[in-house]
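For 451-471, the entry in Swiss-Prot reads compositional bias 'Polar residues'. Annotation comment: Swiss-Prot describes 517-526 as compositional bias 'Basic and acidic residues'. According to Swiss-Prot, the compositional bias 'Basic residues' annotation covers 530-543. Swiss-Prot lists S233, S458, S465, S503 with the feature phosphoserine. Positions annotated as phosphothreonine by Swiss-Prot, on the basis of sequence analysis: T282. Annotation source Swiss-Prot lists phosphotyrosine at Y482. Annotation comment: Swiss-Prot describes 1-114 as region 'Peripentonal hexon-tethering domain', evidence class sequence analysis. Annotated region 'Binding to hexon-linking protein' per Swiss-Prot: 146-259, in sequence order, evidence recorded as sequence analysis. What Swiss-Prot lists as region 'Disordered' is 437-479, 517-582.
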Amino acid sequence: MQRPAIIAERAPNLDPAVLAAMQSQPSGVTASDDWTAAMDRIMALTARSPDAFRQQPQANRFSAILEAVVPSRTNPTHEKVLTIVNALLDSKAIRKDEAGLIYNALLERVARYNSTNVQANLDRMGTDVKEALAQRERFHRDGNLGSLVALNAFLSTQPANVPRGQEDYTNFISALRLMVTEVPQSEVYQSGPDYFFQTSRQGLQTVNLTQAFKNLQGLWGVRAPVGDRSTLSSLLTPNSRLLLLLIAPFTNTNSLSRDSYLGHLVTLYREAIGQAQVDEQTYQEITSVSRALGQEDTGSLEATLNFLLTNRRQQVPPQYTLNAEEERILRYVQQSVSLYLMREGATPSAALDMTARNMEPSFYASNRAFINRLMDYLHRAAAMNGEYFTNAILNPHWLPPPGFYTGEFDLPEGNDGFLWDDVTDSLFSPAVIGHHGKKEAGDEGPLLDSRASSPFPSLTSLPASVNSGRTTRPRLTGESEYLNDPILFPVRDKNFPNNGIESLVDKMSRWKTYAQERREWEERQPRPVRPPRQRWQRRKKGAHAGDEGSDDSADDSSVLDLGGSGNPFAHLRPQGCIGSLY
């Protein structure tokens, strides 16, 4: 343990690297030794006889021979560590009695964190993991491949075409292929004349595919009324029901026709098993936190958590479409209701009732669910927004919105006919308010323009108290009648359920101030007509002006009047008094 310190005392002036090389000289066989001498030392392991080497254990003999033929690789790690220790001694960073401890500690740390054995073990472990994953993948692929081969062999025994519901039959087989391919821990195998599908993902479940398809053979494309579906459900065996339940997650709304019995049953299974599951760990954590905060009402807490965890999950909205039969029913209802509305002048509700009354009983019974939902939606649309109802009936390409399928009817709001429905946010913008608040006389023109463009009908005749201090032009004859002509105003839809509010609004719009009544009374009074001036009065006035010389120029009317007496050039006479020249 104290070897580095002892050697360092004997050769204090040597370089640390040279000193480390001297300290690390091996005492055994080296590459520079003679091969014959090395073999002699190996064979002469015992002093009694060279033949005694053969009597050594096999492991010892083999180890000695291997070491002599292929020497071990030299590891310079201890030499480098020894060089570092010698350098620390020369720089007096450590004492001589601490050299052995530092040397051992450095060797242990190198062996633990920077050993080639550790790196080799890590590489070997990574290789083993990769090999295990590759074997698992090959096993999984081979298992699915065998299941697909068995499934194809089973499908080859089934007919390619069915009398009814060919599209549903084809989509069902595609969903079966997808389930066999994607579901782990499942396989398809043959046992005797029958083929089986077995899965152990959530408990061991086995389905006899041969018997299930034999039971479903006569049910493809069958459309059963709502009341008779219980009778039809007795034809399904538990084996067939289990197959439908397993395939349901691999279908969508367009895979199987919804109006068929099998499509209806698969839809129920898919919606039943597709509900979001509550995370129990999250539920327990939130419950413990709420109890720590002092909220002991677990009933309201459970309701809140169930709502947050199950009803507020972001999902891709499903695509809903009508099948061919439902679209034909929709077009028939549109044509029938439009005929009752246009020809007989019936109300929307009466037109819908007459259309439903004239349907054939068997036709209505086979499509009762869809017809009831369609009539309910159209009745709501007619009651809430007549324009939307009219557009839906008269549009030959109209299709119901997604809320029609989910039952959440979101209809656009109609125009109730209130005065405040015409008010826009631009009227109360800060720019318009500041524009109206100015008091300069130069703002009269823009103010009149804003009044003319105001959406309020009553703003055209403001009280005189508001316009006090401003000069207004006199109104022309018949201007008020022209501006108040009802033909110029748009026809406003009356809101029949709110006739009281409408009458109050009409009464308030007819109220007028005393200034308005006074101005209207003055406009209705007949104005006196001024008599026309006689020609002889104008001539007399022009002659009098020419004689007195008080006017610089004659009247325009006298100048233009070329007939009669008088001096037509009176305006050319010089001003002032002129005396006699002689």
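Just so it is clear, glycine is given a Cβ too, placed from its N, Cα and C backbone atoms.
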*In this predicted model, what is the average pLDDT of the region 'Peripentonal hexon-tethering domain' (1-114)?*
72
*What residues, ordered by sequence, lie under 8 A Cβ-to-Cβ from S503 (phosphoserine) and sit at least six positions away in the same chain?*
none
*asked:* With helix taken as DSSP H, G or I, strand as E or B and everything else coil, how many residues of the region 'Binding to hexon-linking protein' (146-259) land in each class?
replied: 54 helix, 18 strand, 42 coil
*Summary of DSSP states over the compositional bias 'Basic and acidic residues' (517-526), given as helix, strand and coil counts*: 8 helix, 0 strand, 2 coil
